[in-house]
Amino acid sequence: MLPRVTKLNSRLLSLALLGIQIARGAITYQHPDDLPSGVDYDFIVAGGGTAGLVVASRLSENSNWKVLVIEAGPSNKDAFVTRVPGLASTLGAGSPIDWNYTTIPQDGLDGRSLDYPRAKILGGCSTHNGMVYTRGSKDDWNSWAGIIGDQGLGWDSILPAIKKAEKFTQDFTDQSVKGHIDPSVHGFDGKLSVSAAYSNISFNDLLFETTKELNAEFPFKLDMNDGKPIGLGWTQYTIDNHAERSSSATSYLESTGDNVHVLVNTLVTRVLSASGNGTDFRKVEFAVDANSPKKQLEAKKEVIVAGGVIASPQILMNSGIGERKVLQAVGIDTLIDNPSVGKNLSDQGATSVMFDTTLPSTDFDVDAALTEWTNSHTGPLARGARLNHLTFVRLPDDKLNGQDPSSGKNSPHIEFQFAQITPQVPTLGVPKQAPLPAANSYRLLLQLAVVNLYSISRGSISLSDNNPFTYPLIDLNMFKEDIDIAILREGIRSAGRMFSSKAFKNSVNKFVYPPADATSDEDLDAFLRSSTFSYVHGVGTLSMSPKGASWGVVNPDFKVKGTSGLRVVDASVIPHAPAAHTQLPVYAFAEYASALIAKSYN
């Protein structure tokens, strides 16, 4: 979760409107009129985000195939700020490279509407997220495999593919890395750069002392990506060995040949039947904006929709694929009647808690740090989040009201992500009503994002009209189920135990948010309804299901049910949120889909 754009962000985004093409082979076009005539594309990918660029890159490995990617946002090359790891928190809602969605008012959140950041730039959310690299638990993958009916997505089957895609960049004997990860669970020859966090501040020693005192609740975890993430350990990031963000745009697209064409600043509005009235959806319609002419192109083989958890169901519904009564209400003719389209939105609810401490601030001069990074790719902006640790907590059974929404016993219910709050670069979705430190503060104001990894409330994406340029209605249905608020309540109490430990006795003064006297269930629930936000890890709006199932939108081969020539590959097909930040699962699903597609054409 990232906050609204800051003055710093606006200044940085204006630094480097470079206007250069993607390096190496892929060819970028800024306007539909610039596309070359007479080119027959084998595959057209609707959306140049995390998944879309993986698919385009992998399919382009067959030099006989031509691939077109159509992306609504600009090239990532035009946004210098996205390259700098330490400035990730300045992106998101309010940014010119974000869609700037908001949800409808949430009944469970005192009627509040929430920001719902989604990237509008080449590389998608891998270009503007927090870069955290987590795989989830092996239970998540086995759960998905069982739901979908494809054991190829089970943990033991998918792990080699995950490792194949990864390029871990650090020397394991380096003291800044040694003891932070387990080399045996990583890959070294893939496209996506991954590195372990490092920092040398007093907070680290205190935090890891809690793994001794409170080992049952916060055991030390060497590597959270081994399939059993429960515990406290070091964060891993998609940052390369030059201290730059690694995204699908930088790691996959930049290694393609010239058989990939990329059209930016252009929205895919619909997929169309190639015959005009059938179920063979191999044609796309696209336009620059609502007032510009719409153009069409037909793929020789397939159209692959990769717009993400919000845009992909919007594209399908505008194309006549969805629930008949919903489409009729906005004047869209139904071609494929499927009530599952846009349903099953699974996301992670989160809140921020803050502690006043006597620890020294890790704040720094942003301008000086930016100069250092620009000159040498070193300094505080060469890293990801300010405090480089994650904790995954599994709650005891007696705190779950007789329910266990997790994927299994290896799976946590809660995540803590740590940060320092500063006036210059706020992080992790600091609520507007939360206290912020003074600009001259020399003490660390510690923040934890407390995340419910397995919210069982399900939301939806729907249309308000039949204009593809109108934003869809996003309903998270937050706290529809009581267990979701109960888990966050227990997460706050767990955080309190961590920072009331002996290790922090002389360093942490008190809760400042929520107030220290908010201890009852009723007080904490009121706090949560007023402060909870989305961690923006939504999945499931075009959920995958077994072939022949009466529910779901795509089959295990990623083909849209009832159609030919049309697949969906992105977060929308994942049945439920994992115990993870979702970028790695999206990469893995995209790698898996790419192999299936290529194999289907031998």
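Even glycines carry a Cβ here, placed using N, Cα and C.
The candidates are H128, H389, H581; Swiss-Prot tags H128 with the feature tele-8alpha-FAD histidine. Using a 10 Å Cα-Cα cut-off around H581 (active site), the recorded positions H128, N200, N344, H537 reduce to H537. In three-state terms derived from DSSP, H128 (tele-8alpha-FAD histidine) belongs to a helical segment. Cα to Cα, N100 (N-linked glycosylation site) and N344 (N-linked glycosylation site) are separated by 22 Å. Within 10 Å of the Cβ of N200 (N-linked glycosylation site) there are 8 other Cβ atoms, across all protein chains.
Take the glycosylation sites N100, N277, N344: by the count of other Cβ atoms within 10 Å of each Cβ, the lowest one is N277.
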